[in-house]
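So the structure is just underneath, and the comments pick up after that.
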Amino acid sequence: MGSERKKKTAVNPERESHFVARRQSGGRTSSEDRELLLPSLPVGQFHRKDQIFEQNPMEKLEGTCSDKEGRQDYTRDGTLSLRGKPVLRSRTGGWKACSFFLGYEVFERMAFYGIASNLVIYLSVKLHEGTVKSSNNVTTWTGSVWMFPILGGYIADAHLGRYWTFVIAAALYLLGMSLLTLVVSVPGLRPPSCGNGISETQCEQSVSSFQKGIFYFALYTVALGAGGTKPNISTMGADQFDDSDPKERHYKISFFNWWFFGSFFGALISNSLLIYVQDNVGWTLGYGLPTLGLAVSISLFLIGTRFYRHKSIAGSPITKMSQVIVAAVRKWRIPVPDDPKQLYEFAPESHYYRLDHTATSLRSLRFLDKAAVMTGSSSPWMLCPVTQVEETKQMIKMLPVMAITIIPNTIIAQMNTLFIKQGTTLNRSVGPDFEIPPALLKRMAIGFVLHLVIMVTACLVERKRLSVAREHHKLGQHDQVPLSIFILLPQFALVGIADCFLEPAKLEFFYDQAPEGMKSLGATYFSTGLGLGQFFSSFLLATVSDITKKAGHSGWILDNLNISHLDYYYAFLGLLGLLNFLVFLVVAKFFVYNVDVNSTGSGKLDAVALPGQTTS
């Protein structure tokens, strides 16, 4: 019986030699070749991406592990080792690998917010920039940090892969942080001292163009490096869970929650320690510690390399999307056949992640189906497979969701700028010898869901602060209003509560709804919304400041906050938040969630439910 079974499952030598010769010659195997070969595969082998992988328990390939049937348990989602070999589920990925990612995130966030949270104070105190200029420089820099991931995601998807893009960007990130530490430490590079007995807020020492230039060069080197790491590190973390395994797929949802917990925990450490060091000990140590933290985070990531799973380079998603749009426009007069089977598609064996044609409620996206209509030309700018068209549809339909995150991100941008500047005008003393840094309460910043309530609260708090300032005649630019900084606690706390709900859901949404070959680009949707929000904040602040100074008015936003009207500005942002919320309701009502091929690979489509959503 055993010998008879063995005989039936033995690989036919002629078929095998034909298959191997074809692969070695660089030719692609046809479906007929594979049909000849498939019946001859013995138990313990499986197909993936035109390759045959042995599942012999004795084979030494990325470790040894067997399932209940005596076969090695390889991942089935296309993930490979760094060397391009199949990987075992038990030896790689999962929480074992993600522990290194989470450790990285804690230290990296501590490093990043060690710079970002108190940057407005450094620009206004050390570089002597005014309220509007320092606030806009902070939001422009932060916006760049969140926009550079577009470049980082492109390089990862099209050229280097996520791992090597991250490693190179991390080295650039560390270089920028090190240079920033030198700039605030070396006498020839840092702004000149004001001398003994002179407050830095009243210092009139000028800062040279070179000193400003080298500081901003270091700052934007940090932004470029961070932009290369951000779209790849979280996406790599999600890649450690095999979607074909129900248990691992469930863990992926938990990963995003833990990811943000690590992010906020690192930020909390930064703002409860590093901000105090910068304000009370010095900028050299205050920037040196974040740089050390970043070095530790990169080291943790590299230590875990052998446990990571990697996705193959899928090509530039931007190029793929452009090809679909161009092909559809060029064939705009050609009708789309009623039967989707008449549309062009990849050969069954040539693409692992195939997407079936789906009807969409948006007529503008149905137009893209024309790209898959066969007209005789095989140019990729004239004919695109259905899978590529569907990938493009999935990315385009997420753009409105990204757009409605811009206004909330604009509102939250005030935390690193105007909220902190408010804190400098208040009484920060707790006891005789301890003074709270103005950026401390920012660490509760976790979300955007309550952004409308946040702005109403901030408006009311600011009206109270201005009332106390007038009552006690504290109207000078450097006068301290006799009001505790804890009056700002409600607006910071509300932001913190809000982010707990929104931020993990946003990142998970853009990752989950992006097609398999465009996950890095999907992650950049998350960061792009943040970046555009920061840029829009800069534009809005400068515009409102200029407009409100016209016709003889004093203006809403001045260097002297004690005679400004930030309460009006916050009310204006609240109105924008309300309008944005109404748009959000419309977008949410009409958004159509993707379907996903189930783990069996049978081609059956199951609806994917996001947190708070149900499938039918």
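In case you wondered, yes, glycine gets a Cβ from its N, Cα and C as well.
What TrEMBL says about this protein:
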| type | residues | note |
| --- | --- | --- |
| REGION | 1-34 | region 'Disordered' |
| TRANSMEM | 110-127 | transmembrane segment |
| TRANSMEM | 139-156 | transmembrane segment |
| TRANSMEM | 163-183 | transmembrane segment |
| TRANSMEM | 214-233 | transmembrane segment |
| TRANSMEM | 254-277 | transmembrane segment |
| TRANSMEM | 283-303 | transmembrane segment |
| TRANSMEM | 398-420 | transmembrane segment |
| TRANSMEM | 440-461 | transmembrane segment |
| TRANSMEM | 481-505 | transmembrane segment |
| TRANSMEM | 525-547 | transmembrane segment |
| TRANSMEM | 568-592 | transmembrane segment |
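In terms of C-beta pairs under 8 Å, the stretch of 139-156, 283-303, 481-505, 525-547 lying closest in packing to the transmembrane segment (568-592) is 525-547. In this chain, the transmembrane segment (254-277) lies out of contact with the transmembrane segment (163-183); the count of Cβ pairs under 8 Å, excluding pairs fewer than 6 apart in sequence, is fewer than 3. Contact between the transmembrane segment (110-127) and the transmembrane segment (254-277) is present: at least three CB pairs lie under 8 Å, with pairs separated by 6 or more positions in sequence. Beyond the ends of the transmembrane segment (525-547), by six or more residues, the same chain brings 132, 135-136, 139-140, 142-147, 149-150, 230-231, 398-399, 401-403, 405-410, 412-414, 417, 506-507, 510, 514, 555-557, 569, 572-573 to within a C-beta distance below 8 angstroms of the stretch.
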